[in-house]
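Notes follow the structure.
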Amino acid sequence: MESLSNLGNAMSSVLSETTSTTATAILADPTEALSSVVALASDAVSKATSDVVPEHTPTSWFTIILWLLHRISSVLYFVIKLTTITTPTFLFNIFSTSLTVTMNATTLVLIMLFMMAGVTWVVRYRYLNMYSRLPPEPQRKEPAVDLFPETQEEGVKSGLASYFDEFLSAIKIFGYLERPVFHELTRSMQTRKLIAGETLNLEEEQGFCLVVDGMVEIFVKSARDGRRSSSGPSFESDDEEGFAPGRQRYQLLTEVRNGAPMSSLFSIMSLFTEDIQMHDTDDDDSPDPTPSAPGTAMPGYPMNANFQQSNDTLPSIPGTPLSDNHVMQRGMASAESLTMSPLAHDSSRIPSLSLVNTRPAVPRRPVPKRLNTTSAHPDIIARATVDTTIAIIPASAFRRLIKIYPKATAHIVHVILSRFQRVTLATAYNYLGLSGEVLQMERNILKHTVRQLPNHLRGDALDRLKEKFKRERERIGEKEVEKGIALHNAHAARRRRSAASLRKEVALQAYSKRRQSIVTATPAFGTRRERPSPDMPSPGDLLTNTQQLKSGPASQLDLARDATSPRPQRNLSPFSTPRNAHVSLDTREALDEDDMFRESVLECMFRAIGLTGNGSVNPDSTQASPRFVPTDQRRSRGGPGHTAFGFMDAFDPFDNDTESVTSCGFSSSSPVPNPQLLAHDMKDEVEIVFFPKGSVLVEQGERNPGLYYVIDGFLDICVPGDDSSHDLLQSSAKVDHGHDSATGADAFGANSSRFPEPNMNNNFGAEQKKGKQGRRSVALIKPGGLAGYVGTISSYRSFIDVVARTDVCVGFLPLASIDRIVDRYPIVMLTMAKRLTELLPRLLLHIDFALEWVQVNSGQVLFREGDESEAIYLVLNGRLRLVEDQKDGGMNVKAEFGQGESIGELEVLTESARTGTLHAIRETELVKFPRTLFNSLAQEHPNITIKISKIIAARMRAFIDDPSRMGLKDNVVRSYKSSSTLNLRTVAILPVTAGVPVVEFGNRLMNALSQVGPPNGATCLNQAAILNHLGKLAFNRMGKLKLSQYLADLEEKYGLVVYVADTNVNTPWTQTCITQADCLLFVGLADSSPEIGEYERFMLGMKSTARKILVLVHQERYSNPGLTRQWLKNRMWINGGHFHVQMAYTSNTVPIHPPTKRFGPSLKQRVQILQAEIQKYTSRKVRHVPFYSPDAPFKGDFHRLARRLCGKSVGLVLGGGGARGIAHVGIIRAMEEAGIPIDMVGGTSIGAFIGGLYARHADVVPIFGLAKKFAGRMASMWRFAFDLTYPSASYTTGHEFNRGIFKTFGKTQIEDFWLEYYCNTTNISKSRVEFHTSGYAWRYIRASMSLAGLLPPLCDEGSMLLDGGYIDNLTVSRMKSLGSDVIFAVDVGSLDDNTPQAFGDSLSGVWAFFNRWNPFSSVPNPPTLAEIQARLAYVSSVGELERAKTMPGCIYMRPPIDDYGTLDFGKFDEIYGVGYKYGQEFLQKLREQGVLPLVEETEAKKALRRTMAPRRASI
């Protein structure tokens, strides 16, 4: 109560004060009074409260609330006042005010002009000038040359490691050797030390010699005994008379260094075939001959029944002493000494491999030929230049090897024989022009392969067969007859089934049983198919494979009985006669006459190739017992090897098992079968075919499709009449071979038995040319003869043509069957090797000693710049690159060399230093042709040097006349691009990263290569194919030798080998793909990340120097602008360009990297998935179609890539000419309608514009609309007038011109163009021509169209660029340097006025003016100042144009557009129609002349190839 009283007193005092104050204030101002009253009241209340209420009481919160209410009321009051009083008052005052502005017209116009200028500036320089603000994208610089230093310099190793390295390097010539074979060959090896100057008579050395350390000079006895040569080496001192009786002179052949063999390929074949006896033909008039008694004929001479033909076999070798008596006597003496040698005694246990029957001998006169000596090194001596260590493998080691491991021996002989043909014969034939000697050997070997049919098939039976063919010929007509008529074979289906589908099963089963037999040492077969006798060939061979399938155990028992006693079975033949007692047929009544022909023909074939069946079938040796396993075999099968030479599987090109070549050693592998039984078993493999006169059965340079046995008629062995030594080394890219498989299919497929169809003289291309030039006959094959023997057995290309001289009936055995026989029976290969060694002329023998087979690894340097020129190199397979050092420290690629090309002739002949450094891009096989051999041949056979002189002269002429090499020295793109894509033999397809469908890509590329690829086909390899062929051990240490040889054989067989890296990164197969490739294709998905992939990092780690190409795979035929630049930005090693390919593929839904567990990315991914699912049902379905789909297969992207890899690209070069260039559009349309694919496009001026449109869209429809739109802009005079400026540098600013081009191309870069494209400009800052292949397309196309005076130059990296037509208006030479095979060049430039002028030594301008307007003046008008300047500017272009017209492979086109001016863009439709009409007429003429490279015609030509087309006619 006391507090309340105090409060009341306080309130009363406050009210009294307030009342007095209010009264005073009201009198002054009522408004202020109200506010003051409120303030005083508040203060009074607060004062009273503070006096009454103590601190920290609840009344303090009441004060705060009152203060807040006061503030809120103040704000509400202000807002209400603003919206109800202040704002309406302000608006009322504004709208009620009236303003009057007064100005004159000038001010108004100026204001409007300023406003328009501002808008114009914004539009002109901010919107329309967008092209000038693009981010800078300079041209991509050409990548530097990859030349990595050698990992191992020559001569660094020493001691024991060096010894083994040199030894292994020398025996590489044998191919791969398994551990037991290697041990057997080297366990009796001897070494010998030679001091400097010591001479070794190799003629007395019976073995294989090689240099381990040091250097040896190889000399040959000179054939010019009576003549002295000042330059040839001579041993005339008294100390050396013992080695040179009668002062014999010697010629230096070669120098042998570390790791090289002293023995030649001929020597090795001689060592392997010492015990093989030669046999003669079997005529009707006499039984089979045998070697005559001593004194009658020299041992080893081939016998000839036709004495009158002996003169034809004499080889025409200048200076070769074939008839010297003392030489003959010395050869006979050496032969006798050999028979008494202890080595001969050791061979007594060797199973007989004789090819001669044991009937009484009939003495015959020997055929004159090369002296047959028993030495493996005839007329050869060696002299050590320094202290030298040599190793000798004696001949006894080779004889033991034949006895123990005959299958391995056959493979080694096959390798040596193949290299002998590739190295010696091919070099002599192609490079030295020794076609006569090689053809003489072909002719002589025919006499050893004649086997006559039995008499009962020569008379009425042969007439009935010819009558069948005659009736069929009349029925089907002459056109079909040209392809051949085959006798119907009712058992063909059974043959194909037994040979293809069931062969693998039987081989695997037989192999497993054989392994069981070896391990358990028990009889191998106890099942229904058990082998009754160990005399039979081993299971899985040719006989067992087919007979087990056809006849079961009964027929096998019969076969075994026949094999053990073949002669009684012959006597039971009802067709046998005393005259032909060696031929017999089966007595089954169901055997008809056609089967008789097949069986007899096949038996004659087998006897001709060496399967006589007279060898010891059951030799008395432990090797014939199946219960005995040799020591080497027990070691090899006892577990992993304990030496560096691990046990390896066999090289079997047709089996998929992994049987070792040594596994057959215990049973002599191949007891020579009875040819009658083998023929009976394989009679369904042979075809009886009729060919009319003039048919070409085998063409020079192609692989033989099989063996031809002449039944009736005559075959002619010919060579082209103009030059008998065509280039067989390079013929693989020109001539169709006998293997049409483009996918590496099994050789025993359904088409393996089809006989090849002949090429007639009226066929396409080369056949027409040959028919016109004619052929030169070398020999005649009569009935009973064999054609294609050497080429078929050795699987090498033919040196000759085989042509039907008359209507001929032949028996044809396909190559697949021959290969199986050769693989199973080594005697076939040994027989041919023996025949070749016996018939080899002395000149070829000495060349064989001098030539060296060299194998180099990837990156290895053969010689360096400045080295002495010691040898010429010939490339067998692989790839080499020649580079030269530049002054700035870089390297410039001069050339690349592929298969069949030669390097270094000019330096060797001029004895000058090397002009560059030569290194191997990949593993390469070479022939080293030493300078010493050239000097020796030049002295004894000067005519040989003519061939090499012609090669050098032709090469220098091509170098001088090649316009592509002129003016390109300072160009950013090197001239080596011309050789970079030519003669490619291997291509590897690698993904950029995992997940790229390289297998599908490879399949599509192979499909394209089969249509437009090399004539001899292409094959595709992946890891599965390699493992299927070589087994699971294909990639180990020793397996690499086997693999490299197999890959080399494929390169020799096919024109292109495609490797597909379908494995992980760090696998041996991926490494093999990179090391074996001439060109690497990195395939990436364009929509994926452009980061460097793991495969690329792996390749960079391997330091590959091969050509590298980037292939971007798109879902649609369109590339987003700038996408390609992102891919190329970090890949400076891409030095072969890039390709855009359209291929539908399914993207990999499984992420390559494991997803992270962060919340953000996971949520984002989930939202994207939900959005995609929702849009699937809610959005309108958009039909995704490519921007352009090719209407013909040959225009597809894979065909374009295939043509580029094969060097068959078609280029289109468009010239400049202003509005006349509209005709380009019409010509392109005509080319598309004619079916001509365009792979590369180049242009100048208006040609650069039209070419850029076509390169971007690859279709004529879009370029027609865009070109017409641009022509409309250029025809507008208003745009031209608005672009005028003060003519300091040009009459226009160039803006409108830039806008027109930019609106056409946008931000697209040249790298984004679908086709490969370039344009040229004239760099007036550096006075040179420049070619542009990267950067913004609109800039360089605009620069190429910048006519001086009309448009200003375009600035690019400080240089000023003008129209490229000032230097070269038709860039054919540039297109040729890029590797185009066929070039279509369209010229639309103006023609110069060549009217003769005679206005005198001085000229009055006034007279010239009136003369121009005087219609009666007869004096021609002098040129104006502008015309003189224009002609001066195009002076160099005229010369380039004339060279382009004569460029090989260039098709020059010039439509009739001379009536149209440079600026007549308004006549678009008219000029377009002129070009289209001209293109149609011109291409129609080319089609009629047969010049037009139509794809349809190419396919038709391939359809006529006898190795590809199916059989058309069959009786």
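Cβ coordinates come from backbone N, Cα and C, glycine included.
DSSP classifies S1245 (active site, nucleophile) as coil under the three-state reduction. Counting every protein chain shown, the Cβ of S1245 (active site, nucleophile) has 29 other Cβ atoms within 10 Å. Swiss-Prot lists S1245 with the feature active site, nucleophile.
Taken from Swiss-Prot, the feature active site, proton acceptor applies to D1363. According to DSSP, D1363 (active site, proton acceptor) sits within a strand segment. Cβ-based neighbour count (10 Å, all protein chains) for D1363 (active site, proton acceptor) stands at 27.
Look at Swiss-Prot and you will find 670-789 tagged as nucleoside 3',5'-cyclic phosphate 1 binding site. The number of other Cβ atoms within 10 Å of the Cβ belonging to R775 (nucleoside 3',5'-cyclic phosphate 1 binding site), over all protein chains shown, comes to 21.
Per Swiss-Prot, compositional bias 'Polar residues' is recorded for 543-554 (among others).
Marked as compositional bias 'Polar residues' by Swiss-Prot: 566-579 (among others).
According to Swiss-Prot, the domain 'PNPLA' annotation covers 1212-1376, on the basis of sequence analysis.
The motif 'GXSXG' feature in Swiss-Prot is assigned to 1243-1247.
Look at Swiss-Prot and you will find 1-59 (among others) tagged as topological domain 'Cytoplasmic'. Taken together, the residues in the topological domain 'Cytoplasmic' (1-59) have a mean pLDDT of 53 on the 0 to 100 scale.
Here Swiss-Prot flags 81-102 as topological domain 'Lumenal'.
Taken from Swiss-Prot, the feature topological domain 'Cytoplasmic' covers 124-1515 (among others), and the record attributes it to similarity to another entry.
Feature annotation from Swiss-Prot assigns transmembrane segment to 60-80 (among others); the stated evidence is sequence analysis.
Among the features that Swiss-Prot reports, transmembrane segment is placed at 103-123 (among others), with the record citing sequence analysis. Away from its own ends, the transmembrane segment (103-123) comes close to no residue of its chain (no Cβ-Cβ distance under 8 Å at least six residues beyond either end).
Other C-beta atoms found within 10 angstroms of the C-beta of E685 (nucleoside 3',5'-cyclic phosphate 1 binding site) number 29, with every protein chain shown included. Across the structure, L715 (nucleoside 3',5'-cyclic phosphate 1 binding site) and S1245 (active site, nucleophile) are spaced 60 Å apart at their Cα atoms. Remote same-chain residues near the motif 'GXSXG' (1243-1247) are listed as 1213-1222, 1224, 1319-1320, 1344-1345, 1347, 1363-1365, 1368-1371, 1386, 1388 (criterion: CB distance under 8 Å, separation of at least six residues from the stretch ends). Following the DSSP three-state reduction, the secondary structure of Q700 (nucleoside 3',5'-cyclic phosphate 1 binding site) is coil. Proximity note: of the listed recorded positions (E685, Q700, R775, D1363), D1363 have a CA within 10 Å of the CA of S1245 (active site, nucleophile), given in sequence order. Helix first, then strand, then coil: DSSP counts for the topological domain 'Lumenal' (81-102) stand at 15 helix, 0 strand, 7 coil. Ranking the binding-site residues Q700, L715 by the number of CB atoms within 10 A of their own CB puts L715 at the top. When the alpha carbons of D1363 (active site, proton acceptor) and R775 (nucleoside 3',5'-cyclic phosphate 1 binding site) are compared, the span between them is 53 angstrom.
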